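In TrEMBL this protein carries:
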type: DOMAIN; residues: 2-158; note: domain 'FAD/NAD(P)-binding'
type: BINDING; residues: 11, 32, 40, 76, 366, 373, 374, 375; note: FAD binding site
type: BINDING; residues: 147, 148, 149, 150, 191, 192, 203, 373; note: NADP(+) binding site
């Protein structure tokens, strides 16, 4: 069987890995629109979380398998259609992730100084499309709308001592911009309460322990929560207990004035969580160009636990800030008119990864289940889709009796359209260059952020 996977992030690689491992004869081709592989492992995971990027080692082994091939710099839907891939392969798996962000849908969202979390993360992680973002970091207070791990990543990058960031694979130009940053206060704002935050305890603990920075949590937000969380699942319970402990531990009461001044000097930067506030409008400066704050509707919660809904109370408040990040989630886009797409949920309608109504077409990862979860969630999800493919091969739903040409057929289509794919060994040349440049600067790698430079490097 000849199979292909569209997208080379964790979903694509785990799907390919599982199929190759459990079917001794299958060949899998992986297509990627960028020259470089690994998706959000390269462009999403924070630079100061290198251990999370170790999965790249197993993906590299998969790509080097003689039954697997990688074709970068090929945009499916533009350079080759899904229908053309279906002609060339026995099965096609769409694993292209979520390449857009959800919008707030409020006035002022497009003012200068308002950025999507996605674009900012892409900027400091060297995603070519975000290299010219040039975020204005000249204000003291930044506001992040959202209470997920990405929101905490952004707060941490904004407030981290430069010495810590300098040793990571953060891009050179982002590091230079952060070195000039005036941001010293970051508020993370959510529509719901402490029991509904989406970040995890590891990320929260990291933020609480960030050198030179102190957490500002309002004890009133946490009163009575010990009881509410008694019977909650263990991860939620531990997370809430850590927030309560941080909010209620007030060294200030026992300190002399001099000690307080010294503590303030030791932690010149601060961050805090604000709850039950829903953004209504981004407020402009007098000239109407830049952001000067956000008007929030105060909310109350209806229901409890993860399903609680935030309902406006009618009260509002304004928060002053010169920088706003909207971190309310990523969003998948339809790839090709031939593929069914649920625009409401932002996913391809499927059951266990089998695309509804299109035999031989599958999906895995965020485009299958929505943009949630960490790499391990995507791994299990991709194994589930791969299992569906293997079952369909076994029972004959996929007809392998007719031979398919695979990349041979696609290559001539691409050539006729002037598209030259990039091989995995091409990527390894780019990789080696990045690692060498990083070594010279005392960091794991210095990412190349310019597509033209990547292509020149491999003589493309």
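Placement of Cβ uses the backbone N, Cα and C atoms for every residue, glycine included.
All annotation found in TrEMBL is predicted automatically rather than curated by experts.
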Worksheet item: Counting Cβ atoms within 10 Å across all protein chains shown, which of the binding-site residues 11, 150, 375 comes out on top?
Response: 11
Discussion item. Just to verify a number: CA distance, residue 40 (FAD binding site) to residue 150 (NADP(+) binding site), in angstrom, no decimals.
Written reply: 12
Worksheet, complete the sentence: Out of the binding-site residues 40, 76, 374, the residue with the smallest number of other Cβ atoms within 10 Å is 374
Worksheet, complete the sentence: One of the binding-site residues 147, 148, 149, 150, 203 has its Cα closest to the Cα of residue 76 (FAD binding site), namely 150
Worksheet entry | CB within-chain contacts under 8 A for residue 203 (NADP(+) binding site), separation at least 6 | 149, 152, 153, 156
Response to the item:
For residue 150 (NADP(+) binding site), the closest of the binding-site residues by C-alpha position, picking from 11, 32, 375, is 375
Discussion item. Going by Cα-Cα distance, which of the binding-site residues (147, 148, 191, 192) sits nearest to residue 374 (FAD binding site)?
Written reply: 148
Worksheet item: Which residues of the same chain, at least 6 positions away in sequence, have a Cβ lying under 8 Å from the Cβ of residue 191 (NADP(+) binding site)?
Response: 276, 277, 278, 299, 310
Worksheet entry | Cα-Cα distance, maximum over 147, 148, 149, 150, 191, 192, 203, 373, record's NADP(+) binders, Å | 20
Worksheet item: How far apart, in angstrom, are the most distant Cα atoms among the FAD-binding residues 11, 32, 40, 76, 366, 373, 374, 375?
Response: 25
Response to the item:
Model confidence over the domain 'FAD/NAD(P)-binding' (2-158), as mean pLDDT, sits at 97
Worksheet entry | Cα distance (Å, whole number) from residue 148 (NADP(+) binding site) to residue 32 (FAD binding site) | 27
Worksheet item: How big is the Cα-to-Cα gap, in Å, between residue 366 (FAD binding site) and residue 148 (NADP(+) binding site)?
Response: 16
Worksheet item: Among the binding-site residues listed here (11, 373, 375), which has the Cα closest to the Cα of residue 192 (NADP(+) binding site)?
Response: 373
